[in-house]
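**Student:** Below, the features straight out of Swiss-Prot:
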BINDING   G75, T78  Na(+) binding site
TRANSMEM  4-24  transmembrane segment
TRANSMEM  35-55  transmembrane segment
TRANSMEM  68-88  transmembrane segment
TRANSMEM  100-120  transmembrane segment
Amino acid sequence: MINIALVATGGAIGSVFRYLVGVWSMRLAGPNFPWGTLAVNIVGSFLIGLLVELVARRLNASIEMRLFLVTGVLGGFTTFSSFSLDAVSLFERGALGLSAFYILASLVVSIAAVFAGLALGRNLF
């Protein structure tokens with residue numbers, strides 16, 4: 001139960017940070033481009049790489065610390081960082097084809113799913 005609380009707390013913190021970046025970018029750059037989303041995806045991807053290396057591998061931090069920081073905070077900040085880590089992990093294991101498939105399938109199918117969800121939502125009423 002403590003693990004769920006750690007992930008939930010971290011997720012709440014990450015979500016608030018994502019919201020604040022969105023507000024800040026909207027005020028700074030306006031609504032014509034999703035700068036906030038781009039920023040959290042890039043920063044989140046950098047941070048997940050840094051934290052996995054430092055917290056998990058070098059500092060040998062507890063599973064609770066990893067759950068809070070990586071799954072919780074960064075998961076709440078951006079799920080794109082998890083996607084990026086999974087793709088790089090496959091690549092580093094030598095599964096180049098599987099990594100490429102994962103990247104393409106994730107992007108193409110996710111975008112198609114958004115279109116499908118929009119279409120369904122628009123046709124329900």
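Cβ coordinates are placed from backbone N, Cα and C, and glycine is handled just like the others.
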**Student:** Counting Cβ pairs under 8 Å to the transmembrane segment (68-88), which of 4-24, 35-55, 100-120 comes out on top?
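**Tutor:** When the Cβ pairs under 8 Å are tallied, 4-24 comes out ahead.
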**Student:** Quick check: do the transmembrane segment (35-55) and the transmembrane segment (100-120) share at least 3 Cβ pairs under 8 Å, counting only pairs 6+ apart in sequence?
**Tutor:** no
**Student:** Give the nonlocal contacts of the transmembrane segment (4-24) in its own chain as ranges (CB under 8 Å, at least six residues past its ends).
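**Tutor:** Contacts with the transmembrane segment (4-24): 36-37, 39-40, 43, 64, 67-69, 71-78.
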**Student:** Which has the fewest other Cβ atoms within 10 Å: G75, T78, the binding-site residues listed?
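**Tutor:** Checked G75, T78; of these binding-site residues, fewest Cβ neighbours within 10 Å: G75.
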**Student:** Who are the long-range neighbours of the transmembrane segment (100-120) in its own chain, taking Cβ under 8 Å and residues 6 or more past its ends?
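**Tutor:** Distal contacts: 83, 86-87, 90.
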**Student:** Three-state secondary structure of T78 (Na(+) binding site) from DSSP?
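**Tutor:** For T78 (Na(+) binding site) - judged by DSSP and reduced to three states - the answer is coil.
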